[in-house]
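Trainee: First, the structure itself, so that you have it in front of you.
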Amino acid sequence: MKTLLLTLVVVTIVCLDFGHTLICYNDHGFIGKTTETCENGMTTCYEKRWTEARGTRIDRGCGCPNVKPGVNLNCCKTDRCNG
């Protein structure tokens, strides 16, 4: 009986994935592409691109922000999906 109970607890923890936090690339300008662990409850990563006088700019991070017209936005829901 104890073995069955332990098995059920382990299966529950694995299936619910307690404590999983999303990992997104964060590229904010000239720093380069690194990763960040998103806050609990945040379920999306984003990549936004726009063109300015110096060329195409790319910004990445956690969340899915609102953008101005002319900015291309891609949001996704898996680790490192915004690369």
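Backbone N, Cα and C atoms are what each Cβ position is placed from, and that goes for glycine too.
According to Swiss-Prot:
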DISULFID  C24-C45  disulfide bond
DISULFID  C38-C62  disulfide bond
DISULFID  C64-C75  disulfide bond
DISULFID  C76-C81  disulfide bond
SIGNAL    1-21  signal peptide
Trainee: Fill in the CA-CA distance, C64 (disulfide bond) to C45 (disulfide bond), as an integer in Å.
Mentor: 6
Trainee: Take the C-alpha atoms of C75 (disulfide bond) and C45 (disulfide bond) and report the distance between them in angstrom, rounded.
Mentor: 6
Trainee: To the nearest Å, how far is the Cα of C38 (disulfide bond) from the Cα of C24 (disulfide bond)?
Mentor: 7
Trainee: For the disulfide-bonded residues listed here (C24, C45), tell me which residue's CB has the most neighbouring CB atoms inside 10 Å.
Mentor: C45
Trainee: C24 (disulfide bond) to C62 (disulfide bond): how many Å between their Cα atoms?
Mentor: 6
Trainee: Which residues in the same chain, at least 6 apart in sequence, have a Cβ under 8 Å from the Cβ of C76 (disulfide bond)?
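Mentor: Residues satisfying the criterion: T44, C45, Y46, N82.
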Trainee: In DSSP terms, helix, strand or coil for C76 (disulfide bond)?
Mentor: strand
